[in-house]
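First comes the structure, then the notes that go with it.
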Amino acid sequence: MNPPPLIRLQDVTVKIQGRTLIENVTFDINSGEIITVIGPNGAGKSTLAKALLGIQPLSRGEVLRRPGLKIGYMPQRFHIDASLPLTVKRFLQLAHNPQRWREALQRVEMEHVAKQPMHTLSGGELQRVLLARALQRAPDLLVLDEPAQGVDVTGQAELYRLIRSLRDELHCGALLVSHDLHLVMASTDQVLCLNRHICCAGHPEKVSNEPAFINLFGTQAARSLAVYHHHHDHHHHTDGTVAAGSECSHGDQHA
C-alpha cells in the first residue's frame, strides 16, 4: 500500500472581497516529489502557497496534511534594513531549531557567509540563506516561493541542482512557485500551470535537446533546467472569464 500524500488539496477556493484568487484547485504532493507551479502575475500562485501553509483561510475545499508534517517555507519577498546589524549566523539562530544553523548553511554550501551582514548578500546568496532557514525545521515538505528570483540562468541551474540534492538527501517533497512560464527545474515531477485554476499540467522536457541552450549556458545548466510546453483547452479573457479554445492569454512571457 502506498503511503498517504504529504499534503492533499481538494477543490481549494479562495475568495477575498468577492474576488476569486484561486478556484477548485486539487492536487497531491508525495514524499520525494517535486511540483512546480507556474503562472502569470496575479494568477494566485502565492495565494496557493499560503493556503497550503495554512495561513490563508479557504472559502471552499480543504487542505489535508499528513499527521506531524513539518514544512520548511522560503518566502517570495524578504528585506533586511541596512541599518540592522544582523549577521547570517544570528539570522539563522533566530529561527526554528537555532542549534542547526551551521548544518543548514553547510547543506546550502554557504558556510563562508556566516559572519557577513544580511544586507550585504547578493541575490543568489540571500536565496540560499533563506533556503538554509527553511531546512532548520528538518522538513518533510519544502515550499519555495520564487526561489530563483533575482538569480541569473546559471545561478538558477546551480540552485535547482542543490534543491534536487536536498530532496534526495532528506527524502522530502517540494513545491516550487515560479513566474517563469517556460523554464523550470528539470527534476520536476509535475508542472502545474495556474491562472486562478489549474489550466494544464504535465512533465517538463529537458533542455539537453536544445543545442543553442547548451552552447550558451553549458551542460550543467542543461541538466538542471527544462522547458515546459503548455497544453490548454481554454483561454482567459482580460476580465478573468474563461472561454473554450487553446488560445492562451498569459501575456508576452508566454510565447
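Including glycine, each Cβ sits where the backbone N, Cα and C put it.
Feature annotations, courtesy of Swiss-Prot:
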- 7-220: domain 'ABC transporter' (DOMAIN)
- G39, P40, N41, G42, A43, G44, K45, S46: ATP binding site (BINDING)
- 229-255: region 'Disordered' (REGION)
(message) Quick check: which same-chain residues outside G39, P40, N41, G42, A43, G44, K45, S46 lie with their CB within 8 A of the centre of the ATP site CB atoms?
(response) H179, L194, N195
(request) Have a look around N41 (ATP binding site) and count the other CB atoms within 10 A of its CB, chains all included. (result) 9
(request) Give the three-state DSSP assignment (helix, strand or coil) for G42 (ATP binding site). (result) coil
(request) Check the domain 'ABC transporter' (7-220) for me and report the mean pLDDT. (result) 89
